[in-house]
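Asker: What follows is a structure written as structure tokens; I'll ask about it next.
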């Protein structure tokens, strides 16, 4: 016979028969108006049927085939066989496809049949609930009669098992015992045996627990006794340590007291000495007090003397300031004089340049005149043609090369005069010193050599230009003209015999000796008209170009000054110079560019020009390794003459001839880095780095001069000394 609790458990295991389900059914029975079945709306049903048809007809054919229905296998929880059964049920005519009307009609019939089945199941549930309600009411009446007997039996069981000592709440066990007694009576004895075993084990565990608690209490008591013993021992040790510490402290205090007594006695003795010293100092102070009056009187005298000295110092300061102002005025005047001197040097240099150009034009005129006279001479001496040819061939072996200065100026030479005799005359000429600088003059001398046999050519005078190497270059050609006029002028002629040799043929005597000093040279008037008056430069620097022969110094200077290149130029003899004006940082800078001869016999002249140079340019040939090896010798000459106080420009020329290079760029850079030089590789032929290198050197010279001017020592007024006595 089932109890209410048993019905609740069994109903909870069956779906649709739980408390909620039974309650809902009873509520429906109590309210029969809620049992009305709400039918779905007809339009909603038709709409759902159409949506399901469109889902099946994904291709939009207007009908559904069996394959379309099988595609829903993945979307619906139905197997293929079930889907085929649905298709067969909807296909009433059996034509193998479903139209929208057939699908909607079949779907509505299926829906209505499901609703009818649901109503029948609902009726069955209502009937079952009514039966359960009747059964429940009968069970409650039986429980009322049996409660008293079951409670007595359960209490007897608990007393027999001794559960009161183990369990505090017997409700759970009572409920389980009653459930088994009602539902499963045959299992009740097993349950009671299980309870007997469990309670026996619990009783045993309880006894073990009591034993463990007793052992634990004994252990705690023993531990407390041990702790108490340790505490007493610690108290005894602390007491003994305290007594020892007090004993040591007493001894230490006594020793400290004795030490302090000794120090006190020493301090008393020191105090006595200080008292004696104080008495002595008081006596000295009294003596010093007497001296104080004397010192005051002396200080008064010194104060008066100090005032007089201060007034004298002030007068001296005023005089020193006046002297300083005069010194500054003199410095300004000296600076102005220096600038005027530089401008004068520049103007004289320009005049010398124009004089040189005029002389060149005069030489051209004389050459033309000599050619005309030579033609007349050839007609006159046709009979002696063979003898003259032999004489010219003998002179070809002793020809000399024309220099850029001495060669371009008229260099009078005899017909039979050799190059060695020429050099001997030049260097044996007396050197002249000038307070201004370079002394250049023209000297006409008679040639002692004889003319050609039978030609009747008299002795001629040659034009000589001697350059002083002792002082600054300041030509004095404009200070009164020449002592002797230009009387005779030889001509060097290049006679090409199949491009193999040159012959120097002497020109006949020109009877052009005037009685008065020479005036303007031929073509000089035209030169003054063609040349534009240059602007006054702000700075003037002298730069000396040195290097082995044939490295291209003259061609480089011609490229700088004339912007052209002339191949096959003759070697420089002696010294030549040019003037180049450049603009550096908005300032006009005039550069005197001195071209020196590279031959060994002219090096003594070149080295003398280093002393007054502002800068030096050392050049070598990129295609000749020997010229680069000579650079160190040139640098040694510069260092011996001027030390390291002037900048040096290292130039590697003939960069245009890269195929024949023998000196790598790295060697030049390394040499420049070791000796602190300015390094450029240039080309006189193409003009590459010609202007750039010169501007770099000019800018460096200008910066050095600005630094020297700014570092000029300014003498300031001396600081006024304070008097010692106020």
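Using the three backbone atoms N, Cα and C, a Cβ is placed for every residue, glycine included.
These figures come from a predicted structure and were not determined experimentally.
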Asker: Just to be sure I read the record right: 549, 551, 552, 553, 554, 555, 566, 567, 572, 653, 654, 656, 684 are listed as binding GTP in Swiss-Prot. Which of 358, 598, 615 is listed for the same site?
Answerer: 598
Asker: Going by the Ca(2+) site in Swiss-Prot, where 91, 93, 95 are listed, which of the candidates 101, 102 is also part of it?
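Answerer: So the Ca(2+) site in Swiss-Prot includes 91, 93, 95 plus, from the candidates 101, 102, 102.
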Asker: Out of 538, 548, 585, 595, which does Swiss-Prot tie to the same Mg(2+) site as 554, 572?
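Answerer: The candidate from 538, 548, 585, 595 that Swiss-Prot ties to Mg(2+) along with 554, 572 is 595.
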Asker: Count up the helix, strand and coil residues in the domain 'EF-hand' (78-113) according to DSSP, in that order.
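Answerer: Residue counts for the domain 'EF-hand' (78-113) by secondary structure: 25 helix, 2 strand, 9 coil.
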Asker: Counting other CB atoms within 10 A of each CB, which of the binding-site residues 95, 549, 554, 572, 653 comes out lowest?
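Answerer: Comparing Cβ neighbours within 10 Å for the binding-site residues 95, 549, 554, 572, 653, 95 has the fewest.
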Asker: Rounded to the nearest Å, what's the C-alpha distance separating residue 595 (Mg(2+) binding site) and residue 656 (GTP binding site)? Just drop the number here, would you?
Answerer: 22
Asker: Give me the Cα-Cα distance between residue 552 (GTP binding site) and residue 93 (Ca(2+) binding site), rounded to a whole Å.
Answerer: 121
Asker: Which one is closest to residue 95 (Ca(2+) binding site) in space, judged by CA to CA distance, out of the binding-site residues 549, 554, 566, 572, 653?
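Answerer: Of all the candidates listed, 653 is nearest in space.
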Asker: State, in Å as a whole number, the widest CA to CA span among the GTP-binding residues 549, 551, 552, 553, 554, 555, 566, 567, 572, 598, 653, 654, 656, 684 given in the record.
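Answerer: Site span for GTP, by Cα atoms: 22 Å.
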Asker: Once near-sequence residues are set aside, which residues in the chain of residue 656 (GTP binding site), 6 or more away, have Cβ atoms under 8 Å from its Cβ?
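Answerer: Sequence-distant Cβ neighbours: 683, 685, 686, 688.
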Asker: Indicate whether residue 653 (GTP binding site) is helix, strand or coil by DSSP.
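Answerer: For residue 653 (GTP binding site) - judged by DSSP and reduced to three states - the answer is strand.
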